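Over in TrEMBL, the protein carries these features:
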- ASN26, GLN59, ASN83, GLY93, ASN94, ASN173, ASN206, GLU224, ARG225, GLY234, THR235: substrate binding site (BINDING)
- CYS92: active site, proton donor (ACT_SITE)
- CYS233: active site, proton acceptor (ACT_SITE)
Amino acid sequence: MSPEKIRPQTASDTSRAFVKMHGLRNHFVIFDRRIDRRAFTKEDIVRICDAQVGVGGDQLLTIEHPSEQGSAAGADAAMRIFNIDGHEVSACGNATRCVAHLLLEETGGTELLLETGGGLLKCRRSGPMQVSVEMGPISGDWQNFPLAEEVDTTRLPVENGPLRDGVALWIGNPHAVYFVDSLAEIDLAKVAAPIQNHQLFPEGVNVGVAELVDAETIRLAVWERPGIATQACGTGACVAAYAARMRGLTKSDRFTVHLPAGALGIELIGDMAIMSGPVAYCCRGFVDCEETVYDFA
Ligand SMILES: N[C@H](CCC[C@H](N)C(=O)O)C(=O)O
């Protein structure tokens, strides 16, 4: 096949232009809805995120014009975040860095304010392919999650095997953090899935399993909604650092959080977590949003 046959020259009526990026291998298919206003159906999202029939991604992101309220508060753009099951969620740390980098390249600036479902996030370029984001504030308010009933979020009553005495924290999305002695001995899917699906969390919860290596170093793996072990989780890293300090396991306010694909820097200032880490491009292209018919004849 000649390269021309496989290289799209222009977007056809049913296709949409995307860029795929990753932050520590947490990978995203990103669409700019400021340019192409068409929305995505749940089926589109599920298929686009599935590498076998679409592009492949941990989430689908759209860049949008800020809302009136966001604009008034100074937002430069807005981001919407969809999980691989098509459900919209309100926060993702690695996605925020990727979208902020795209927008900073567009403006040539060094700072911007990004509106998300979880609030307005201040982002800044912190190196050639590095972005820092003020991700907080972090809270333990049970009504945010929501929880099926009021419980002490600092001592979660939901346990499974080695995951005991967890902390529930909100950073635009819900997390349950459990400290263990050795992360290497944990079968993440096996121990975290029953907690994610526990009736206390009617909308599910991202489950972080953390090992405090020393006062400033955490090893972390996150079983994200809707049931995937990602290579990195930015919001998870922020709440793990916050939980370690809240629990009195350390007095530090600067952390290196090691995730399966690499490290994020987390700085805590009061309830605010500043997350710093890398971004990278994967590819650009067009993806079809019509129902696809396969002919194997
Ligand atoms: N990987 C993301 C978190 C996505 C959370 C999402 N899966 C949810 O359901 O809240 C991060 O870097 O923060």
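From the backbone N, Cα and C atoms, a Cβ is placed for every residue, glycine too.
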Integer Å distance between the CA atoms belonging to CYS92 (active site, proton donor) and ASN83 (substrate binding site): 10
Mapped DSSP class for THR235 (substrate binding site), helix or strand or coil: helix
Rounded to the nearest Å - Cα separation of the residue listed as 'active site, proton donor' and ARG225 (substrate binding site): 11
Residue with minimal Cβ packing [other Cβ atoms within 10 Å] among the binding-site residues ASN26, ASN83, ASN94, ASN206, THR235: ASN83
ASN206 (substrate binding site) and the residue listed as 'active site, proton acceptor', Cα-Cα, nearest whole angstrom: 10
The residue listed as 'active site, proton acceptor', number of other Cβ atoms within 10 Å: 31
Greatest inter-residue Cα distance in Å for the substrate-binding set ASN26, GLN59, ASN83, GLY93, ASN94, ASN173, ASN206, GLU224, ARG225, GLY234, THR235: 16
Spatial neighbours, same chain, of ARG225 (substrate binding site) - Cβ under 8 Å, 6+ residues apart: ASN83, HIS87, VAL89, GLN196, GLY204, VAL205, ASN206
Cβ-based neighbourhood (8 Å from the centroid) of the substrate site, residues ASN26, GLN59, ASN83, GLY93, ASN94, ASN173, ASN206, GLU224, ARG225, GLY234, THR235 excluded: ASP58, ILE81, VAL89, ALA91, CYS92, ALA95, VAL222, THR230, CYS233, GLY236
Cβ neighbour count within 10 Å of CYS92 (active site, proton donor): 32
